[in-house]
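Per Swiss-Prot, the features are as follows:
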COMPBIAS  50-66  compositional bias 'Polar residues'
CARBOHYD  N183  N-linked glycosylation site
CARBOHYD  N307  N-linked glycosylation site
CARBOHYD  N328  N-linked glycosylation site
CARBOHYD  N471  N-linked glycosylation site
CARBOHYD  N482  N-linked glycosylation site
REGION    36-66  region 'Disordered'
REGION    82-102  region 'Disordered'
REGION    858-893  region 'Disordered'
SIGNAL    1-30  signal peptide
TOPO_DOM  32-530  topological domain 'Extracellular'
TOPO_DOM  773-893  topological domain 'Cytoplasmic'
TRANSMEM  531-551  transmembrane segment
TRANSMEM  563-583  transmembrane segment
TRANSMEM  607-627  transmembrane segment
TRANSMEM  630-650  transmembrane segment
TRANSMEM  653-673  transmembrane segment
TRANSMEM  692-712  transmembrane segment
TRANSMEM  722-742  transmembrane segment
TRANSMEM  752-772  transmembrane segment
Amino acid sequence: MSGLQLIWKSPTQLVLFVLLITISCIDLCHAVGAATPTKKSPPVRITKPQPVSSTTTAIPTTNEGSTTGEQLALLVSSTTEGTASSASSSSNGGSDDSSSTTAAGSLVPEICITGLQLSFTNADGEQVVRKQQELVQVIEGDVMLSVITSDPVSALFVINRVNQANLISADFEVGIRAINVDNASLAENLLIQEVQYLQQCTQYSMGIFIDFDLYKRLESIIRDLEYNVWPIPSARAHLFPKVAHLLHQMPWGEKIASVEIVTETLDIYNEFMDAARQEHMCLMHFKSDDNVYILFGNKMANHFKENGTVFAVPTERTEHIFLEELPNKSFILMENGIELRTADLDPMPTTLDEVLIGKSVLPSRILVFASPIVDLMNWLRGSLAKHCKRDEDLYMLESCFNFLNFIEDWRTPEYRRTHDTAELLSLLRMRKLSTSMLFQMYQKKQETVDVITGESRMELREIASQNFVTNVTTYYHYNRDNHTSLELKTKFGLVFNCQFTAGENRRYPFLFDGESVMFWRIKLDTWVATGLTAAILGLIATLAILVFIVVRISLGDVFEGNPVTSILLLLSLILVFCSFVPFSMEYVGEQRNSHVTFEDVHTLNTLCGVRVFIMTLVYCFVFSLLLCRAVMLASIGSEGGFLSHVNGYIQAIICVLSVFVQVGMSVQLLVVMHLASESVSCENIYYGRWLWGLLAYDFLLLCSLVSLVPFIYRSQRNYREGILIVIGAVLILIIWSVWIALSMFGDEWRDAAIPLGMQASGWAVLVGILIPRTFLIVRGIERSDIAQALPSLTSLAFAQNNQYSSEQSVYECVNPAMRHCSQEEMNHQSPSEIPTLPLRGGGPRRQQFFANLRQANANINPQRPPPHPQQSPSRSSVCSLPPSPDHSKITRF
């Protein structure tokens, strides 16, 4: 205690000590506060990369082998990396300027500093890194677009024209980042990086356009990105019609030859064949000594024969080395590259961006990219009018808010509008380019060797050209080179002309005289399996019912009504279910546009004719039989029916005449198709509107059957045949409405709807009429067995043990031979409408059995007179119907 008193002897020392403790506490609290992590606001978006100090992390390179999931995860995590690095750098903080500069620089996302990068292994096994300067060409603007394409110059030129024409009427310009893709396998990597760049490094970005083939390749990745990515329409839509037209118009003095089409993908092949179809041009492939090769793409195929003629169609920019590899006298069909010069663009003065000076563009690439861009700019201008203020004639960017919200609507293809070529050239101020937008045909001449230099020179002679805008075809050196007039040569398209192309639906236009390459097979569609299953099950059920009826008839059973009609209806259903076979078969080649011989055409027409003939006849058989039965029921019914009676002969005449009418029309159609096969095509009838004319008579029979529904639905005759026919007719009418509606959606739908509709109609008759009727027949046979097993009403034994005390007869409405009814009931019910039980037939064994039974009952007490039945006193009047005739004389309808 004395020591402490010595320490605080002086007040000055105490004050200094307290001050020292206070300063230490402040420093300690400051250090703790600095070390505690705090949540910082996310970095703001910037429009352009900002310069930072050199103390940055190493440049990350994106490997080609990295997975898509890792790159997509990078998009999620990249926005938080800047914040985390900023916090960690400030924890090591100090008061010097260099540390604060590093912290500020970390707010900029790294991709905004480094740009896009690719790291991949080349053909020599070396690791190659390509930076943004090699990949991306940029036109600066306030609102940015990106394009991933194999032809970036054409995309840059279109955006330059948009800014020069000021389509958006604003005080700012649209910028573009054009990314060159020379390898499709690298497109996925570039797309993911570009989405990340636009999200983090630009303030206003509309989306990304990508080549059509690349879009199809990356469609699943694009859906996962959930970003505005749109396909550029394929340039082949502009090129292939020009190729087909020039081939069709080309003079061709040779005989018909085999044509082999070499393409990189099946889609290219099908698109070109569709274009050739529009020109009525048949390109045939068969075994031949002379071959014509049409080569699509920029890769050379080396299997050409020496006597073959080669037509090369480059789908990208044509390289000189590709032309050198082609055989001499080959024909090259390609579009003309346009050198960009300001004076050649538009009468009004315009300028070009620096990146476009000295470059060339392709007409097809300009047109396919300009159409969606012009439509997008029109939507953007409409959005600016709603969300921006206008100063004189321009919309001010500073006053805009949410002006890019329209993109969600524009990305829907239904809202877009197409523009024709002349309109695009006028809007984008490049009207003078119309004379230079040509698709040309050249012929490679024999290479000559320069005597002085010793170098070989290749000469391309222009044969013809077609303008993209006017579609005018011009011929050049053909007359002089071939020493003959152009008009004296037969055109290529006339030599390879299509046959049997009458009508709007030309399904098989490519015909030739050669060996067939087509074969028979069952269709691979899902509906075929469904239809075959329904047809087999329906056939089994129909045969089972038919066998049952035939067996019961052979046993001597007597049915209500004539069973001949039921048997004919069952035979018609067998035809209905078997008719699915020609609809399930097809005669095809290996490809969609397989070449067809003239014999193949006759086979296809025969198959089509069989389908039409069977379809119309089986419907007619079923509807005619049902109609004649409905007419009979309506003619004898007491509840609103006709008063006359239609007997079996008239029914047969009605049915036969109804069938003969349809047979006559169907046979006439087959004769006409055979005699006029060049002008009448069964395919065009089957897939055209004439089909409804062929089915009009069947539909008339169905409508007549439905019109008799009010007159027959109460009929109880023939196992309640009236209500069963009503159910079947209504089901068939519903089925017809469904399959006719489905067949309107196209040829593929019609292929499935017609046979499935036939099977459904057969099942409607089976389920609605025949199966319930079979059940009633079985139940009636069992009741008949029970009734005939009882003792006879005339036997003495039965008479001795029974007294008639009931007011109503026990056997009333059981058999006409033993029916008692009141006079009042007779006035309200027609005898023809009273339901009866079928009588068992007179088979030998059954007749002997019941005869013995009656004889035994009669011999029990033969000397005792039969008692007289006592009538009930409460019954005022009782009447008996005359005895029923013998079962062998019963009249049925």
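Using the three backbone atoms N, Cα and C, a Cβ is placed for every residue, glycine included.
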Below 8 angstroms Cβ to Cβ, which residues of this chain, lying six or more residues outside the transmembrane segment (563-583), approach it?
531-532, 534-536, 538-539, 542-543, 545-546, 549-550, 553, 607, 610-611, 614-615, 617-618, 621-622, 625-626, 628-629, 651, 751, 754-755, 758-759, 761-762, 765-766, 769-770, 773
Are there at least 3 C-beta pairs under 8 angstroms linking the transmembrane segment (531-551) and the transmembrane segment (752-772), leaving out pairs fewer than 6 apart in sequence?
yes
For the transmembrane segment (607-627), give me same-chain residues lying six or more residues beyond its boundaries with a C-beta closer than 8 angstroms to one of its C-beta atoms, as numbers and ranges.
565, 568-569, 572-573, 575-576, 579, 582-583, 585, 587, 654-655, 658-659, 661-663, 665-666, 669-670, 673, 682-683, 685-686, 691, 694-695, 697-698, 701-702, 704-705, 708, 725, 728-729, 754, 758, 761-762, 765, 769
Please state whether DSSP places N471 (N-linked glycosylation site) in a helix, a strand or coil.
coil
Once the chains shown are all counted, how many other Cβ atoms turn up within 10 Å of the Cβ of N328 (N-linked glycosylation site)?
11
